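Visitor: Take this structure, written in structure tokens, and hold onto it; I'll ask about it next.
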Amino acid sequence: MAKEQFQRNKPHVNVGTIGHVDHGKTSLTAAITSVLAKKGFAEARGYDQIDAAPEERERGITISTAHVEYETENRHYAHVDCPGHADYVKNMITGAAQMDGAILVVAASDGPMPQTREHILLARQVGVPAIVVYMNKCDLVDDPDLLELVEMEIRELLNEYEFPGDDTPIIKGSAVKALEGDAAAEDSIMELMAAVDSYIPQPERPVDQPFLMPVEDVFSISGRGTVATGRIERGVIKKMEEVEIIGIKDTQKTAVTDIEMFRKLLDEGQAGDNVGLLLRGLKKEDIERGQVIIKPGTVKPHKNFKAEVYVLTKEEGGRHTPFFNNYRPQFYFRTTDVTGCCTLPEGVEMVMPGDNVNLEVQLITPIAMEKAMRFAIREGGRTVGAGRISEILD
């Protein structure tokens, strides 16, 4: 059978289910596909198909994630569901599954539990823009006052982590009943999807953002000048536009005199393109891998930052022993390693493999960075951790 052409007639949004173990994240994922399948918007996926999530490797870390896709009248969704709690932590910090929004599942019979809190905190730290709540297992609760109480608890918890708890849509239902074909429960799934459609904002497309390209390689072409190659991360670059080259060395200004892709000349390059940029008046030694080329003034180089970090276990190929204050590994940003010194949070003596920790880092050379940017932590070329910048300090 020929591969189906991906139709880009609806805006695309990435979502994921989060919440405490056994509160019904996977059942809800199955219910969404089964209810939408009846409307011709999805392929029904059973609980077992989703629960047997394949393992993926992202930046040297193995993560189990299930991906399903479905559509509503308005949008096309890619949906991720992780079986294990550790998979969520790894997933959210490494950005293996970018979430434009999350569906928080809370069992009405239990109310918010420790991982409910932890997942909301993670969503806050990794910058998930919006959360919609599905209160599951409402069929197991007879007392309407109890449902109201659980709803209040959820709203308070969201407020505590700076999500707008009072305005967050909370839909009550039962994923299992919906899978069994119960009409009211199926309606709750449609209500949830309507909330996801309207409440989770449409992500800004990379081409609409200011131009940025990490430099992967540099060479000189005799008689023409210096070419920097890389994949455009965001934005658009046109011939003769001015750019800045930042990070590692002092910031330099130049202009792009030619853009080349697959040995052909282009008038413009855009997000996702692998291009070579011919840079006016630069020698090969003026620019190196690890720097980034940007629209002037849009990003600054920094040395000091705070980051949310996941430390790999021995089984994941990480360290076998803990590390202590002033630990000095390499931080891999986009295309290069830079040595940095780690300061542990107050009261934390050491960090064990498998831990999730907030570190302060001081790099030996400045690197182009922004809040929410992701990096790997390496020792001698092997990945020992993954992180995301939560705050820039200089």
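Each Cβ is built from the backbone N, Cα and C atoms, and glycine gets one as well.
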Visitor: Please identify the range among 19-26, 219-226, 283-290 that Swiss-Prot labels region 'G1'.
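Guide: Going through 19-26, 219-226, 283-290 one by one, Swiss-Prot gives region 'G1' for 19-26.
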Visitor: Would you mind telling me which of 81-84, 201-204, 381-384, 385-388 Swiss-Prot tags as region 'G3'?
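Guide: Spelled out, Swiss-Prot records region 'G3' over residues 81-84, not the other listed ranges.
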Visitor: Can you identify, from 48-51, 136-139, 344-347, the stretch that Swiss-Prot calls region 'G4'?
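Guide: The range carrying the region 'G4' annotation in Swiss-Prot is 136-139.
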Visitor: Which residue range, 60-64, 90-94, 320-324, is the one Swiss-Prot calls region 'G2'?
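Guide: Range annotated as region 'G2' by Swiss-Prot: 60-64.
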Visitor: In the region 'G1' (19-26), how many residues does DSSP put in helix, strand and coil?
Guide: 2 helix, 1 strand, 5 coil
Visitor: Compute the average pLDDT of the predicted model within the domain 'tr-type G' (10-204).
Guide: 89
Visitor: Take the region 'G1' (19-26) and find every residue of the same chain, 6 or more past its ends, with a Cβ under 8 Å from one of its Cβ atoms.
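Guide: Same-chain contacts beyond the ends: 47, 50-51, 66, 81, 83, 85, 104-107, 110, 112-116, 119, 136-137, 175-176.
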Visitor: Between Gly19, Lys25, Cys82, His85, Cys138, which of the binding-site residues has its C-beta surrounded by the fewest other C-beta atoms within 10 Å?
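Guide: Each of the binding-site residues Gly19, Lys25, Cys82, His85, Cys138 was scored; lowest Cβ tally within 10 Å is His85.
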Visitor: Say you check the Cα of Thr26 (Mg(2+) binding site) against those of the binding-site residues Gly19, Cys82, His85, Cys138; which is nearest?
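Guide: Nearest listed residue in space: Cys82.
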